[in-house]
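Here's what TrEMBL has on this protein:
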ACT_SITE  K93  active site, schiff-base intermediate with acetaldehyde
ACT_SITE  K129  active site, proton donor/acceptor
Amino acid sequence: AAGFPSGQYRMESKILEVKLALEDGANEIDVVISRDAAVEQDWKRVYDEVAALKACCGSNCMKTILATGELQNHGNIYRASWAAMFAGSDFIKTSTGKEKVNATYEATYVMCHAIKQFYSLTGKKVGFKAAGGIRSTAEALAYQAMVEEILGVEWLEPNLFRIGASSLLDDIIKELDRKMFSE
């Protein structure tokens, strides 16, 4: 909802999409930040938009997609993470999966450190979702290891850590078949 995948829609449209999705029975909503606001470092706008969308979601889980591959630098990723978390996001997510650059280890590192610092400051646990471009079991395990190393083992549960990757399941099945039936 909320202008997926570009995020470059008027707020009225984003709010309407969220409301309609909730009316249709959704209990989790993915929203996309206005990347132009983040690139221009208009953090108040990023915060205000995410806060307005979270207000529509109420107690439903809201995952805020930062589209990190389009934010130009690690500082923008870090600040966008903070803006989204202070605005009430339940998760921050790397990518829509539609950008040229999706989840990266560098963006994950920055986002997880922002989450850790936010938790230290506020006591609120915010989830992390690595999404887009994760194709192998080895890559997925690397993301899991990074989350565990930075945030701790308590983050390794579905309410705080997820991987979004449409082609990952095929590799996991191949890996399991190889281990179970080839030895």
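Note: Cβ is positioned from N, Cα and C throughout, glycine not excepted.
No curator has checked TrEMBL annotations; they are predicted automatically.
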Do you know offhand how many angstrom separate the residue listed as 'active site, proton donor/acceptor' and K93 (active site, schiff-base intermediate with acetaldehyde) by C-alpha? 5
Secondary structure of K93 (active site, schiff-base intermediate with acetaldehyde) (DSSP, helix/strand/coil): strand
